[in-house]
Amino acid sequence: MTASQTGPTTTAIAQRASELRQLLQQASYAYYVLDQPVMEDAVYDRLYRELQDLEQQHPSLITPDSPTQRVGEQPATGFESVQHRIPLYSLENAFDAEELRSWDQRWRKLAPDVPADAGYVCELKIDGAAIALSYENGLLVRGATRGDGTRGEEITANLRTIKSIPLRLQTDQPPEWLEVRGEAFLSLTRFKQLNTEREKHGEALFANPRNAAAGTLRQLDPRIVAERQLDFFAYSIQGPNDWANLDQAASLDCLQSLGFRVEPHRQTCPTLAEVEQYFSDWDARRRDLPYLTDGVVVKLQSRRLQDELGFTQKFPRWAIALKYPADEAPTQLQHVTVQVGRTGALTPVAEFSPVALAGTTVSRATLHNADRLRELDLHIGDTIVVRKAGEIIPEVVRVLTDLRPADAKPVVLPEKCPECGQPVQRPEEEAVTRCVNSTCPAIVRGALTHWASRDALDIEGLGEKLVDQLVSKGLVNAIADLYRLDAPLLASLERFGEKSAQNLVQAIAKSRQQPWSRVLYGLGIRHVGSVNAKNLAATFTSAEALAQATPDELAAVYGIGSEIADAVHQWFTVATNQNLIAALEQAGLQLHGEAASPRSQALAGQTFVLTGTLPTLSRNEAKALIEAAGGKVSGSVSKKTSYVVAGEEAGSKLEKAIALNIPQLNETQLLDLLAQAEG
């Protein structure tokens with residue numbers, strides 16, 4: 001009996017399944033991305049059912065990009081924390097044209113030769129949840145939340161249910177890997193439908209579409225995510241080689257060609273004046289859109305310029321979010337409290353009658369500092385106008401002085417710290433008033449909480465409530481006191497049993513093994529974040545070496561500028577801090593590290609500066625190769641620079657190198673030099 005007499009062959013079935021997948025993917029793309037249906041719903045449903053039946057009969061035919069795999073898997077038990085291949089930076093915010101111009105002036109100081117009409121790309125900022133998508137050879141392999149920017153939660157199963165996210169890229173020649181960033185959101189229509197359904201079932205209503213989208217993505221059951229019908233706009237693409245060199249507008253066009261939805265109202269603006277006009281136009285029109293937008297993202301068009309400007313620890317220097325004016329509401333100021341932070345900064349906080357703003361109820365707002373108090377001329381009992389800056393953070397905008405009670409008393413910052421009673425100081429050229437008493441309970445509490453945080457010493461179980469008890473009972477007056485605590489003493493604390501006490505003692509003991517870079521970050525030196533701490537610890541491999549470094553030596557470290565260098569140098573001159581270092585060393589903390597061991601010393605003593613875009617290497621890759629050969633990479637050109645490695649469209653660093661007669665290398669010459677160093 002022949003195969004034709006018994007039914008279709010396995011090959012024919014596989015071909016039909018492949019054909020169905022392609023037809024359904026094309027129809028889904030046309031419907032959800034282009035909004036141009038090419039197939040009636042009934043036809044789509046019939047083809048979908050045919051593919052579903054084939055896959056049920058032949059499970060080996062199921063592929064990760066099959067439309068049937070969007071429906072949702074079985075509920076998960078939790079989300080795994082995953083490392084982003086490329087960090088998800090947040091954006092600096094601007095709330096008016098003046099702040100936008102200030103940003104523009106800042107980046108131009110770093111790239112002074114860029115013409116006035118450098119070019120900007122304006123994109124509407126979607127009010128949703130930031131998402132990172134990872135593709136390998138064209139297939140979606142992972143999706144994650146932003147998290148802290150470095151690590152997020154892996155929610156691939158949930159993201160597969162969003163029909164505007166392609167499971168397979170629309171290209172015959174996909175790169176080995178591709179990272180796509182974008183915003184998952186709920187349309188206003190779907191948001192209203194969901195709240196209507198929840199109200200019928202007696203469930204709590206979502207406060208706003210952003211909260212609904214973020215909460216939906218963290219559902220353990222993908223079937224719930226599928227039911228809520230999230231949408232997605234892509235706004236960033238990163239990949240190897242040519243994929244990494246697209247200018248901003250071209251990168252958005254590329255995303256669209258790969259099958260992604262991209263917010264359609266983007267615009268290239270040659271000048272900042274046109275950016276401001278775009279923002280003004282959309283501020284008036286934004287409520288006509290079918291989804292929420294809370295501002296305009298302004299990015300430099302040139303990818304070369306983006307690469308040259310790079311990032312701060314938190315933001316890209318080449319982009320900013322220009323936020324719309326928020327909704328405002330009047331309320332009555334009841335009183336002002338003063339908080340003391342871990343650096344001793346006094347922050348006045350307005351306490352006012354609860355008021356609804358942007359979907360949430362607020363009753364407190366920071367007043368920042370004494371200057372802001374003076375500008376507002378606040379009096380207790382005033383009627384104040386409150387808004388949400390960026391529709392997230394409450395702030396006091398102005399005072400309605402015509403409504404001020406006759407007996408209202410002005411608000412002023414105290415001359416003594418509300419926590420310890422010691423006189424406060426306001427250093428010259430600073431807006432912040434500070435308590436400088438290192439034993440102030442508020443400063444000690446803040447220092448302990450920071451020391452125990454995940455990126456510092458990572459002491460599990462040492463939370464804010466326990467820290468409050470330890471400080472209020474006088475058991476801990478400085479970080480080093482933690483290492484004298486024992487289990488019986490801890491077990492005597494409120495709501496703290498023997499088991500918890502034993503666990504905390506073990507966690508504190510374990511923290512003695514944390515590396516020098518974490519200890520340095522845990523010290524809480526102003527301006528020294530975890531990245532800067534790693535860079536400093538790699539260069540100065542002990543607390544003693546760091547303490548003896550001059551400001552110039554500190555500023556020469558990659559990523560460290562004069563402000564950070566001065567803060568570090570000043571910290572080590574304070575006697576209290578010197579005593580703390582000695583006590584930590586006695587307690588067994590790691591105040592010594594090991595310098596990164598280069599594979600060779602062939603480039604020892606030579607300093608390199610990187611500028612422009614290299615053909616195949618990223619800056620971090622080039623830096624790692626140089627350091628592995630014993631060389632040093634600096635962020636600025638000086639007479640001590642040995643070589644400047646210049647890529648395409650190198651900027652002012654190359655010009656300075658030429659003026660100083662410093663040798664220049666291209667990528668090929670750098671690789672040749674490194675090859676010689678290897679042997």
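Placed from the backbone N, Cα and C atoms, the Cβ positions cover glycine too.
For reference, Swiss-Prot has these:
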ACT_SITE  Lys125  active site, N6-AMP-lysine intermediate
BINDING   Asp41, Ala42, Val43, Tyr44, Asp45, Ser90, Leu91, Glu123, Arg146, Glu183, Lys299, Lys323  NAD(+) binding site
BINDING   Cys417, Cys420, Cys435, Cys440  Zn(2+) binding site
DOMAIN    598-679  domain 'BRCT'
Inter-residue C-alpha distance, Lys125 (active site, N6-AMP-lysine intermediate) and Cys420 (Zn(2+) binding site) (nearest angstrom): 44
Candidates Leu91, Cys417: member of the binding-site residues with the richest Cβ shell (10 Å): Cys417
For Cys420 (Zn(2+) binding site): intrachain residues, at least 6 apart, with Cβ closer than 8 Å: Cys435, Asn437, Thr439, Cys440, Pro441, Ala442
Fewest-neighbour residue among recorded positions, criterion Cβ within 10 Å, set Lys125, Arg146, Lys299: Arg146
Extra residues within 8 Å (Cβ to Cβ centroid of Cys417, Cys420, Cys435, Cys440), Zn(2+): Val340, Gly344, Lys416, Pro418, Glu419, Gly421, Gln422, Val424, Val436, Asn437, Pro441, Ala442, Ile443
Cys440 (Zn(2+) binding site): tally of other CB atoms within 10 A of its CB: 23
Per-region confidence, the domain 'BRCT' (598-679) (mean pLDDT, whole number): 81
Cα-nearest neighbour of Cys417 (Zn(2+) binding site) within the listed binding-site residues, Leu91, Arg146, Lys299: Leu91
Cys435 (Zn(2+) binding site): tally of other CB atoms within 10 A of its CB: 24
Per DSSP, three-state class assigned to Cys417 (Zn(2+) binding site): coil
